[in-house]
């Protein structure tokens, strides 16, 4: 065994290699992205195949194909990605797997970079598959290896559900040897198992329920669920990252109640739980988000006619992520312990609004859209860096709920209102989920302007490749797909404009609004961070010409601009030379 300081995501990837994974498929999404990136870094060294798929559903299906051929597969995504993949997952639980199949759903309490904070432990129950909840990078490693063995033993996909603090937290991790034994890929045909017509599915459903009951019996003795002995008649049951907060909190409070640490949330080890609670008078359930374990405990208490009082969401919040301070505050009141007023408190960090980078190609596109429409249009948008177009002064993003939703929502708006509809969506998002709604716009004569913001990368999650780029996840030459050719194949008028040529964008948007049908614009310009902030000559303000009107600042919102000493000023260490401010300046006071 060797020890390394690793992020939880790195530990998961390396553990999969330890377990003999041969196929890794993913769609990048915070907080999961470093898992496939770590796997890709070592892929060729160990003969493992790694890909960024077009979306999470495709990634899941790539994993299914590999598993059915006998290979061990790893599929990773962020929590909302499981919504996309769920169609196939809900039936995969029926058919089962051959090679070990681990699905990482990286959940995000407090939605740090997500549109919601859904709790995918519920998805595991919905699909009837096991779910493991690590509390640390070491547990993430250990549970990954356990998940592969469990998956193959019971022929079932297993969900590993780390949360943000586990994914991105670092810890001392003990690793084993990587010794991938190559399996011969072979698909054995079995229509009663793999062809889910109704008669087959009914039988498979019964088998799944029986299988899950056997798994429940199997995990009763697992050391992933364990008891820490303590004092008193009040116990604590805790799961996931909250375990760390509880342990720190109890140290601060100076108490040692008995603790049951849950590592496997589905199925619940009922006998172990009953053994823990049978002599208690009260139990506190500490879990972020939904009362999943709490509800299970309450059912156990009722079924076994126990007089135990259960406290969970009656004292803990159902939203956001927990912290040591929050848990300490709640437990101190629950146990009636007066906190030391001299206890150090966390220093609050000043809030800074998120903003598009200086030189971002999306800024000039949004500026042009707003100028042409004078803001008198509806602007459905999507998931990506460009979501920040909702902020002042751009204000050209009115909606954002899921990947690909902008074009679909635009279609509905086009049939309901009289205002122009200018919808924006990124290049990676277009391949992920933007193609069907654009076809829908053509098919149903929805008069929308569909603007595809092509910055030649999946920028928001760290510049991963996508089908429109030249490289695969493993750094090989990709079978690149042309966005404009795809759109043209739909028989939709499309034009490609330079994202830094504001005039050409304005003219294209005007033509789009005047069109009587759906009209597509591809605004193309590389992400300013793609080449390590490769700069053009920066701009400067000719002070003698500046009228102090602040138009450059008020209309662009570029972070390289500031107003001081009575005139606009450009920070040369931030400016990338995009030229938008010079285009905006009414007196041409901004020059290279």
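Glycine residues also receive a Cβ, built from the backbone N, Cα and C atoms like all the rest.
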Going by TrEMBL, 546, 549, 552 bind [4Fe-4S] cluster 1; tell me which of 411, 578, 585 is listed for that site too. 585
Would you mind checking how many other C-beta atoms are within 10 angstroms of the C-beta on residue 552 ([4Fe-4S] cluster 1 binding site)? 26
Which of 546, 558, 578, 581 has the fewest nearby Cβ atoms, counting only those within 10 Å, among these binding-site residues? 546
For residue 558 ([4Fe-4S] cluster 2 binding site), which of the binding-site residues 546, 549, 552, 585 has the nearest Cα in space? 552
Which sequence-distant residues neighbour the domain '4Fe-4S ferredoxin-type' (566-592)? Criterion: at least 6 residues beyond either end, Cβ under 8 Å. 358-361, 363-364, 367, 500, 502-503, 528, 533, 535-543, 545-553, 555-556, 558-560
Give me the count of other Cβ atoms within 10 A of the Cβ belonging to residue 549 ([4Fe-4S] cluster 1 binding site). 14
For residue 549 ([4Fe-4S] cluster 1 binding site), the one of 575, 578, 581 that lies nearest, given that the binding-site residues are compared by Cα: 581
